[in-house]
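Features of the protein shown, as given by TrEMBL:
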type	residues	note
DOMAIN	61-545	domain 'Major facilitator superfamily (MFS) profile'
TRANSMEM	56-82	transmembrane segment
TRANSMEM	102-125	transmembrane segment
TRANSMEM	137-156	transmembrane segment
TRANSMEM	162-179	transmembrane segment
TRANSMEM	200-227	transmembrane segment
TRANSMEM	250-269	transmembrane segment
TRANSMEM	333-351	transmembrane segment
TRANSMEM	387-407	transmembrane segment
TRANSMEM	414-434	transmembrane segment
TRANSMEM	440-457	transmembrane segment
TRANSMEM	478-501	transmembrane segment
TRANSMEM	521-540	transmembrane segment
Amino acid sequence: MQIKASSEESKKQTFFWLSDPSPLIRPGGGGKKKIRPMANENLQVLSALDAAKTQWYHFTAIVVAGMGFFTDAYDLFCISLVTKLLGRIYYHVDGSLTPGSLPPHISASVNGVAFCGTLSGQLFFGWLGDRLGRKKVYGMTLLLMVICSIGSGMSFGHKSSSVIATLCFFRFWLGFGIGGDYPLSATIMSEYANKKTRGAFIAAVFAMQGFGILAGGMVAIIISAVFKSRFPAPAYSVDPAGSTVPEADYVWRIILMVGALPAALTYYWRMKMPETARYTALVAQNAKQAASDMSKVLQVEIQAEEAKIERFAADKNHTFGLFSKHFLRRHGLHLLGTTTSWFLLDIAFYSQNLFQKDIFSAIGWIPKGFTMNALEEVFKIARAQTLIALCGTVPGYWFTVALIDVIGRFGIQLLGFFMMTVFMLGLAIPYSHWTTPGNHIGFIVMYAFTFFFANFGPNSTTFIVPAEIFPARLRSTCHGISAAAGKLGAIIGSFGFLYLAQNPNPKLADHGYPAGIGVRNSLFLLAGCNVIGFLCTFLVPESKGRSLEEISGEADEEGEQV
């Protein structure tokens, strides 16, 4: 049986990403190119996807999936830009020599609650993506992100307790939606991509996170600058009460609510995406629908090989579950490798990213809070974080996009962990040198390099590899488990670093915090996490240039090849 669409029917059913189809897939100026069966027994629809040249639908899928990650990064990291402002507004203490700050347990909750939601969402939506299909679940996560981004900025009440409680409520469910985007976006992109450039396509989706972090800083700069010029105020040391104007309460709300815009703009296009052929054929076992969908996407004629799907489905080697001995034997070490390396990476990555403002204050790059008014402090924190994102974070992501299908996932992850260790030790060992006036620029450069090699390294590869090495029926679930392990590391980093980075001298620690081990010793701990992550990388196989079925074992000799 062959799926053939008439010219008129094809025009009606053409998907949105074919508005500018590549001439490479329409040879001779018209008609459909027939795909011949491969020499092996692969399903024709999967062979067509693996061999497809880069064309318009690939870029459209990257943008649609990538905008979700743009929103994810914006929403997760923008909170670090406004926590000091929240402290000034809702926890001001009359007569204090320093501006108000969030109490330790409140700060930990505000910073960490979204990660708790993200961890839960990664597990739940990862599992649901394998049960119901990638497309059906994809829209749910985006709607949740839009609603909760708006809700975060509309936290109810005037008392500090009610504002923080509702903020944490919406931030948790925002994180829940964000969590679903991790396994679904990675799985969808891996199942659409060809095997030659699959790594670059998945990395490009994840690289939108860098632009989201950058956008968060730029939005905070613009909004704080506008309010600062419109509502001038003295420094805290001059007038403690007058340094925080009433209008500052709008600033943090606007910054958080802007995160709903990119997600809302992407929703329509997500709903237009068809289900991936690999899910439809290998999990739903609907060969006819898979062939029909990809025939429209690729503009080629594809056979619906139902008999081959039936033989595949009947093979017990292709039906084992997540908790089976078969899975443990075949993929147990792989899952251990993806979870541990992501867990260790996120302890270091998120603790640095969320608390850049504290590190910058410790080395004197951001002035002491009492020398500024509230809006000026937001502006300078946002400016510092934007500079780091521009110089270190964003370039690292796109180096990965350019080189991952050349160097491979394994090599980039090892390089990243190794260089992160080197630069963190380079910051920690001569820490007293970096905190001396006149040496701050050197510290910032070294600090930026740790972010560069995190993103041109394990922060990208830990996202990519779990979407490639597991079977289609468990791919989204296993990616969700790996990502959830990463978020557990992020929770440890975001909660633990609040306390660990405090000055060992109790008199110099932030108000309300016990003495910690200091930034220097914290950097030593983070370097140790990177060393262990380097070793855990050896549990993960290289997936460069291989089909998903070959990597996952779905096309091995134990059962029917797909």
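Glycine residues also receive a Cβ, built from the backbone N, Cα and C atoms like all the rest.
Caution: TrEMBL annotation is automatic and unverified by curators.
Model, not experiment: these values are computed from the prediction.
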Intrachain residues whose Cβ lies under 8 Å of the transmembrane segment (102-125), provided they are six or more past its termini
75-76, 79-80, 83, 86-87, 91, 137, 140-141, 164, 167-168, 171-184, 350, 354, 476, 480-481, 483-484, 487-488, 490-491, 494-495, 498-499, 512-513
Leading stretch by Cβ pairs under 8 Å, where the reference is the transmembrane segment (56-82) and the options are 162-179, 250-269, 440-457:
250-269
Can you find at least 3 Cβ pairs under 8 Å between the transmembrane segment (250-269) and the transmembrane segment (440-457), where each pair is 6 or more residues apart in sequence?
no
Beyond the flanks of the transmembrane segment (478-501) by 6 or more, those residues with Cβ under 8 Å of it
104, 107-108, 111-112, 115-116, 118-119, 122-127, 129, 179, 182-183, 186-187, 322, 331, 335, 338-340, 342-352, 354-355, 358-359, 362, 462-463, 466-467, 470, 513-514, 516-519, 521-522, 525
Would you kindly check 137-156, 387-407, 414-434, 440-457 and say which stretch has the most C-beta pairs under 8 angstroms to the transmembrane segment (200-227)?
387-407
Six or more residues beyond either end and a Cβ under 8 Å away: which residues meet both conditions relative to the transmembrane segment (440-457)?
210, 345, 348-349, 352-353, 359, 363-365, 387-389, 391-397, 399-400, 403, 412-413, 415-417, 419-420, 423-424, 426-427, 434
Within the same chain, where does the transmembrane segment (137-156) have neighbours whose Cβ lies under 8 angstroms from its own Cβ atoms, ignoring anything closer than 6 residues to its ends? I mean 6 or more beyond.
68, 71-72, 75, 121, 125, 128-129, 162-164, 166-167, 169-171, 173-174, 176-181, 184, 188, 252-257, 259-260, 263-264, 266-267, 270-271, 273
